[in-house]
Amino acid sequence: MNNQVIIFDTTLRDGEQALSASLTVKEKLQIAYALERLGVDIIEAGFPVSSPGDFESVQTIAKNIKNSRVCALSRAVAKDIDAAAEALKVAEAFRIHTFISTSTIHVQDKLRRSYDDVVAMAVKAVKHARQYTDDVEFSCEDAGRTPIDNLCRMVEAAINAGARTINIPDTVGYTVPSEFGGIIQTLFNRVPNIDKAIISVHCHDDLGMSVANSIAAIQAGARQVEGTINGIGERAGNCALEEIAMIIKTRQELLGVTTGIKHDEISRTSKLVSQLCNMPIQSNKAIVGANAFSHSSGIHQDGMLKNKNTYEIMTPESIGLKNQALNLTSRSGRAAVKSHMDSMGYNENEYNLDALYEDFLKLADRKGQVFDYDLEALMHFSNLREEDDFYKLNYLSVQSGSVMATTSIKLLCGGEEKCEAAVGNGPVDALYQCIYRITGYEIVLDKFDLTAKGEGEDGLGQADIIANYKGRKYHGTGVSTDIVEASGQALLHVINSIHRADQIAQIKQKKSVATV
């Protein structure tokens, strides 16, 4: 049996379902680039038929990602499969992932069909997808609660129809490792054509078993694991891929399998997903938590000083954690900034050097010394800014006392400068009142977060907001050494997204009227 475990990442599809607001196309592309650097084999980029935004995201990622195979999800419905193929066709090679429910409760209460009908629908869907690509994956939704006879029948039929990967999801996180491993083992024992497909698993974490179930499945013969970075996902989340990768690396002698993951990219990828998704990583999380390599016990510290292996089964360096060297200042040139970006593994097509260098100089003038993590934060925020941003903050002045604060701003609105001043319950409130007055948008803030990016009193601060506008939620991000300015950038990020959506809607309406 092949000892290579395929890593299938669904952060951009299943993981995004956990977010308060959808990621933008640019945000998804940043994450896709990071997953490609990480060495992920398959990137499930979205569900194209679900929305125009998802279609565009899948299409954009398929066009730009070269070293990982891009995949799109579809129900076992022809129009879904057609939409997936249309979005993916710009890729050199791609995968279509189609699925249907197989558990008794899903078949009877959700689909309201006979099992014979469901098998026929699955076969038809796989054959339809094979018209577009040889790489078709079929998932038995809620396989963990599917009667084993029915599951074996469905798997055999899907393989005969042309599926080359069969995914066995524990959709509601119901099983335990011995049980789930037994399901995989039974499939290998009872499905006659099982050798013609790779068996994949997709485990949810409702009972905290997703990683353990996935490892049990590998031991039973599964050779693809699906999951997300940091384990983000619907309800309690998905199998955390960074944990799977490090378990396989650390216990390779026991498990006898490998992955193509570049382990020293794990920490950076985890932080990026956390930042763009506005989902903090719990400090005690395995592998990537802030305390994952901390030792506070005196007995442990004594042992570590004598021999690190006494209490450390893996090193911080193995996931890419390293001490940050300080060697960039306002006197550093573009070549020095580019050299640091190169050393961190970023390709030139992943960022705009001119925009990054401009932001770097502003930061260096403020704090004097710039670390690699500062550059990364600046790059991520710079990438989120659109060249066609209608609203841009040109000037900000704050006067704050113990009771009220006054803020004055100059805002570029499509090139025209507008000024406003306001009083509020603190500088951020006053700033937001100014922006609301100039732009005319009535926005409800659902969530406001401030987090430190980097170290020290002069470190960067990141503002994240979730805003509600006409029933739709938007995520805005801002980064600055000044948290008031970062807060303003976050709101303008949202307002520019709303403005672009309004412009697109107006164009569509004009086309519709012209057609009529």
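Yeah, the Cβs are placed from backbone N, Cα and C, and that goes for glycine too.
If you check Swiss-Prot, you get these features:
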| type | residues | note |
| --- | --- | --- |
| BINDING | D14, H202, H204, N238 | Mn(2+) binding site |
| DOMAIN | 5-267 | domain 'Pyruvate carboxyltransferase' |
| REGION | 392-516 | region 'Regulatory domain' |
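Annotated features taken from Swiss-Prot, shown on the structure.
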residue : record              : DSSP class
D14     : Mn(2+) binding site : coil
H202    : Mn(2+) binding site : strand
N238    : Mn(2+) binding site : strand
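Cβ neighbour density within 10 Å is lowest for H204 among the binding-site residues H202, H204. Each residue in T10, P169, T171, C203, D205, S210, E226, G227, T228, G233, E234, G237, C239 lies on the same chain as D14, H202, H204, N238 and has a C-beta within 8 Å of the C-beta centroid of that Mn(2+) site, without being one of the site residues. Among the listed binding-site residues, namely D14, N238, the Cβ with the most fellow Cβ atoms inside 10 Å is that of N238. Summed and averaged per residue, pLDDT over the region 'Regulatory domain' (392-516) gives 85. Under DSSP, the residues of the region 'Regulatory domain' (392-516) split into helix, strand and coil as follows: 46 helix, 56 strand, 23 coil.
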